[in-house]
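Visitor: Sharing a structure with you now.
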Amino acid sequence: MEEVPHDCPGADSAQAGRGTSCQGCPNQRLCASGAGATPDPAIEEIKEKMKTVKHKILVLSGKGGVGKSTFSAHLAHGLAEDENTQIALLDIDICGPSIPKIMGLEGEQVHQSGSGWSPVYVEDNLGVMSVGFLLSSPDDAVIWRGPKKNGMIKQFLRDVDWGEVDYLIVDTPPGTSDEHLSVVQYLAAARIDGAVIITTPQEVSLQDVRKEINFCRKVKLPIIGVVENMSGFICPKCKKESQIFPPTTGGAELMCQDLEVPLLGRVPLDPLIGKNCDKGQSFFIDAPDSPATLAYRSIIQRIQEFCDLRQSEEENLINS
């Protein structure tokens, strides 16, 4: 289906194709016929595939350039430090796949087996999948409309042979577009633990994060919390903190208070993060005592606690 109007009643609504907001919509005839309400058979196939995945986390951002992919990569690295924990990192930023570069996997290719596509592994317990592995060159532009992007995401979720996985981390493109709607729709039946939303302190970023939070609430996607990235710069010599991106409206903390969303933590700027991402290495190894590393570790622990609590609550519901 093509882009829908803001007040779309939904393809499965009795007003589908007949409501006043449907006038002029390119999908009006399709919805009125009832064909748009037919459930995609891939949803059940993905639900079955995801039975081997314990926790599913989406990483979102309102704006590009706030460090969402960097956070996704380091969340994966941090969780994978426990050798008994299996991690999968899925990059659905179809037009701007940066995960292969950040994870040191540029030039790698996807291999097909009898059980589906095989992820590319950074470590024995950390597998990665990205459209970047399907391109002949990292400079190739992906110029796709929504339906083709949705088809690619469907394939990633249904056809990749992840095996037994403790955490599936999904790195999404910025905003609230086709990719976000697709991944939420396809994973809804398989249960998503929640979303981590990345922002920077300034208002120009926060105003888009508010939209992201509204999106999560509309599609009933639990919000694990917000991470304020690039939150000040601590000089390695004098240890004095400077605000490179001043929180002119109170930063993520005030926004989280207003919207009643948890603030998972703040990650300060560290030049080594960018250098390590360009080299395709984990920042945690080069700077284990950096304030940014300590902030990351605290945030990762809170995410694990959220997922464990959610799993415990669901098990109690099943057993009650």
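Note: Cβ is positioned from N, Cα and C throughout, glycine not excepted.
Straight from TrEMBL, here's the annotation block:
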BINDING   C8, C22, C25, C31  [4Fe-4S] cluster 1 binding site
BINDING   G62, K63, G64, G65, V66, G67, K68, S69  ATP binding site
BINDING   C235, C238  [4Fe-4S] cluster 2 binding site
Visitor: An 8 Å radius from the center of the G62, K63, G64, G65, V66, G67, K68, S69 Cβ atoms defines the neighbourhood of the ATP site; name the other residues of that chain inside it, in order.
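Guide: Neighbours found: S61, P174, I198, T200, S205, N229.
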Visitor: Whole-number Å distance between the CA of G64 (ATP binding site) and the CA of C235 ([4Fe-4S] cluster 2 binding site)?
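Guide: Given the Cα positions, G64 (ATP binding site) is 26 Å from C235 ([4Fe-4S] cluster 2 binding site).
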Visitor: Using Cβ-Cβ distances, find the residues under 8 Å from G62 (ATP binding site) that belong to the same chain and are at least 6 apart in sequence, listing them in sequence order.
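Guide: P174, G175, I197, T199, S205, L206, Q207, D208, V209, R210, K211, E212 - these are the non-local Cβ neighbours of G62 (ATP binding site), listed in sequence order.
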Visitor: Is it possible to get the count of other C-beta atoms within 10 angstroms of the C-beta of G64 (ATP binding site)?
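Guide: Excluding its own Cβ, the number within 10 Å is 13.
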Visitor: What is the number of other Cβ atoms found within 10 Å of the Cβ of V66 (ATP binding site)?
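Guide: Result for V66 (ATP binding site): 24 neighbouring Cβ atoms inside 10 Å.
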Visitor: Between the binding-site residues C22, C25, C31, C235, C238, which lies closest to K68 (ATP binding site), Cα to Cα?
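Guide: With Cα distances computed to K68 (ATP binding site), the winner among C22, C25, C31, C235, C238 is C235.
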Visitor: Suppose we draw a 10 Å sphere around the Cβ of C25 ([4Fe-4S] cluster 1 binding site). How many other Cβ atoms does it contain, all chains included?
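Guide: For C25 ([4Fe-4S] cluster 1 binding site), the 10 Å Cβ neighbour count is 18.
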Visitor: Using only C-alpha positions, which one of C22, C25, C31, V66, S69 is spatially nearest C235 ([4Fe-4S] cluster 2 binding site)? These are the binding-site residues in the record.
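Guide: The answer is V66.
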